Amino acid sequence: MSSIVDVIAREILDSRGNPTVECDVWLDSGVMGRAAVPSGASTGEKEALELRDGDARRYLGKGVLKAVEHVNNEICEALIGLDPTDQAYIDQTLLELDGTDNKGSLGANAILAVSVAVAKAAALEVGLPLYRYLGGSGPMSLPVPMMNVINGGAHANNTLDIQEFMIMPVGARSFREALRCGAEIFHTLKKICADKGYSTAVGDEGGFAPNLARNEDAIKLILEATDKAGYVPGEDVLIALDCASSEFYKDGKYHLAGENLALSSEEFTNYLATLCDNYPIISIEDGMSEHDWAGWKLLTDKLGDKVQLVGDDVFVTNPAILAEGIKQGICNSLLVKINQIGSLSETLKAVDLAKRSGYTSVMSHRSGETEDSTIADLAVATNCMQIKTGSLSRSDRMAKYNQLLRIEEELGSAASYPGRAAFYHLK
């Protein structure tokens, strides 16, 4: 087996024009694996540390040259000569080299770029696509996409408090059909927004950001577009929300500024339950703040049997925090963001824990993305059956969808599309 002979990092730009880390891992066979890491806008407080330079003279302080230097020096020295197929040992070496709980010494952006690049190099070395290298042989599920078509909150400059309003094409028979369904609804929604005088500019994740009065109005707009595109809401297409509630949770209340409301945890639970009663909502992400575990318990007890409740900020893809959440009975699903935890091995460990505990997993992008399509392969490799990677515009989002099209084609009869079966944990 080949060994690692060089590790090279560089500073590149993400989809928001901010610096991020890209890494090349070279093997003595001449094979090279490359990975670039994403960056979030609304972030959980317990996420692994993304190392920035803080030099206001470069990129307004957001440069990542320190992280790049860590890769090119001490990380490179530590990995030369190692077997790239021993992912667990590679990642453990990186964690020990960093020596902190939050990867604050080397930077999670440095560690993750190397971790994923090693896996890509190893996959190339053994002649397998990444999803097969990590996921093994046999049948595989393509993920049902959560397509973010209307943006609010931290992702938009409008009055909507809920951050993401998404469509899930559960009635499709294949991923290819699901993507077509989403694209047709997206373009229909664009025309409806234009006809109503709303802006059709798109946000960080490719969705529209109309200046609507109430969160409910965004759902109504999506249902109108779904119907006009020729699909049946509640049958062909379901709605998913990302509340990003930590962003508007202050002093023990959920402040929906756009609707002039300040709600207790119980009141906000009832607010969300009413939306679910009135509309075909199948999934709610970050329905409560990461600091409000009691609120999460209320929400889970009320809706957990019939709605997927996804923990993002509250779990930050951290196996230890997820284990505590499972013990306390909060949420029933894990959002998986590889840069929240900062290594491939820890990401896979979190997904495995969720699966063994009866929780679903949703593979996810970040609002600041690159052309790297690793999460598409990870979604298939882990059979998590759901992916969240933006709207039907912006090439940084389409890179993931297009990779999934290729994977479905490569798998042929070994590929399945789960549709509603992705929510196997609901009654």
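Each residue, glycine too, has its Cβ placed from N, Cα and C.
GLU205 (active site, proton donor) falls outside any helix or strand according to DSSP and counts as coil. Swiss-Prot lists GLU205 with the feature active site, proton donor, giving sequence analysis as the kind of evidence.
The annotation active site, proton acceptor is assigned in Swiss-Prot to LYS337. Counting every protein chain shown, the Cβ of LYS337 (active site, proton acceptor) has 25 other Cβ atoms within 10 Å.
Taken from Swiss-Prot, the feature (2R)-2-phosphoglycerate binding site covers GLN163, LYS337, ARG366, SER367, LYS388.
Secondary structure at ASP242 (Mg(2+) binding site), as computed by DSSP, is strand. Here Swiss-Prot flags ASP242, GLU285, ASP312 as Mg(2+) binding site.
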On a C-alpha basis, identify the one among GLU205, ASP242, ASP312 that is nearest to SER367 ((2R)-2-phosphoglycerate binding site); the candidates are the recorded positions.
GLU205
Considering only the binding-site residues ASP242, GLU285, ASP312, ARG366, which fall within 10 Å of LYS337 (active site, proton acceptor) when distances are taken between Cα atoms?
ASP312, ARG366
Cβ contacts of ASP312 (Mg(2+) binding site) (under 8 Å, same chain, 6 or more positions away):
GLY44, ASP242, ALA244, GLU285, ASP286, LEU335, LYS337, SER364
Give the maximum pairwise CA distance in Å, whole number, for the residues GLN163, LYS337, ARG366, SER367, LYS388 listed as binding (2R)-2-phosphoglycerate.
17
